[in-house]
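Listed features, source TrEMBL:
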type     : residues         : note
BINDING  : C163, C169, H252 : Cu cation binding site
DISULFID : C163-C169        : disulfide bond
DOMAIN   : 125-288          : domain 'Thioredoxin'
SIGNAL   : 1-20             : signal peptide
Amino acid sequence: MRRIGLGVAISALLIAQARAADEHAVQGILLQVDAAKNTIVVSCDAIPNYMDAMEMPFTVREPDELKRLTPGTTIRFTMVEENGRDYAEHVKTVAVTNYESEPTTAGRLTILHRTLNPAAAARIVQVGKPVPDFALTDQAGQTTNLSQFKGKVVALTFGYARCPNPNYCFRLSNNLAQIKRRFQSVVGRDLMLVTIVVDPAEDRGKALEGYADTWRADPAAWRFLTGSVADVKAAAELFGMNFWSDEGFMTHSFHTVVIDREGRLAANLEGNQFSADQLGDLVETVLNRPDGENKAERSAAHP
């Protein structure tokens with residue numbers, strides 16, 4: 001058996017301990033992937049006793065790990081600090097979870113729906129692809145086409161006024177309210193907020209107007225949209241979202257999407273466990289893309 005000197009063994013142990021001490025498990029929302037530079041930008045969750053939640057760039061150690069990454073997804077990885085350099089390794093996509101059970105039920109129903117109706121699955125827009133136009137009616141009774149927002153970034157989610165759980169529709173709408181506050185200098189001009197209601201039988205006319213008023217939503221900046229059940233479902237299915245009436249309430253999955261200035265899907269966040277700050281970091285990334293017109297300055301996003 002080969003023998004190792006005590007000094008060598010101690011040195012190796014100290015190096016191993018130092019490496020272990022400089023590794024941190026990180027989770028966050030993926031904002032950007034640059035395959036050419038082998039880097040990612042992540043809106044990271046806080047790491048207890050180490051760092052606050054923040055947006056950070058990382059070099060990825062294994063280039064192949066970039067191939068399956070899509071902006072807007074939740075990822076988990078190991079941050080390694082070694083010889084004065086930081087890098088990410090073991091990057092993995094995290095399966096979406098929700099605070100309660102109903103969205104999980106909705107997810108299962110959605111899978112069943114896609115299995116029985118393959119055409120619905122084929123209509124789901126992939127990140128980077130143009131989002132087909134659709135027309136719905138806003139809280140002012142005016143027809144709104146998605147295409148009329150071309151040239152602006154769109155942050156869009158779903159909900160309904162009678163939703164009983166604060167971790168469901170309220171949470172997603174509150175995220176948009178926080179976006180409105182954070183980007184107050186550009187919202188309505190470079191950024192539009194959209195909530196599509198998933199209870200069109202109830203949320204229409206004065207009820208829709210009241211729902212929008214709850215969030216102080218000016219149609220110039222934040223549209224609450226409704227239409228026939230068929231039209232709302234057609235719009236929702238573009239993003240893999242579906243909903244069903246269930247004993248007086250609605251069972252639905254959670255999706256929040258960001259569409260870039262050219263009308264392409266920039267990200268599709270599933271679930272409800274991301275923070276408003278993380279959504280804001282994603283919106284800011286899309287606003288500041290160099291290929292967009294009227295690039296929003298970072299200082300404007302943080303008044």
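Our numbering is plain: 1 for the first residue shown, then up by one each step along the chain.
Positions of Cβ are set from backbone N, Cα and C atoms, glycine also.
TrEMBL does not curate its annotations; it predicts them automatically.
Note that the structure is predicted; figures quoted are calculated from it, not measured.
Proximity of C169 (Cu cation binding site) to non-local residues of its own chain (separation of 6 or more, Cβ distance below 8 Å) is seen for F158, G159, Y160, C163, given in sequence order. A helical conformation is recorded for C169 (Cu cation binding site) in the three-state DSSP classification.
Per-residue pLDDT, averaged along the domain 'Thioredoxin' (125-288), amounts to 91 for this model. All protein chains shown were included, and the count of other CB atoms within 10 Å of the CB of C163 (Cu cation binding site) stands at 20.
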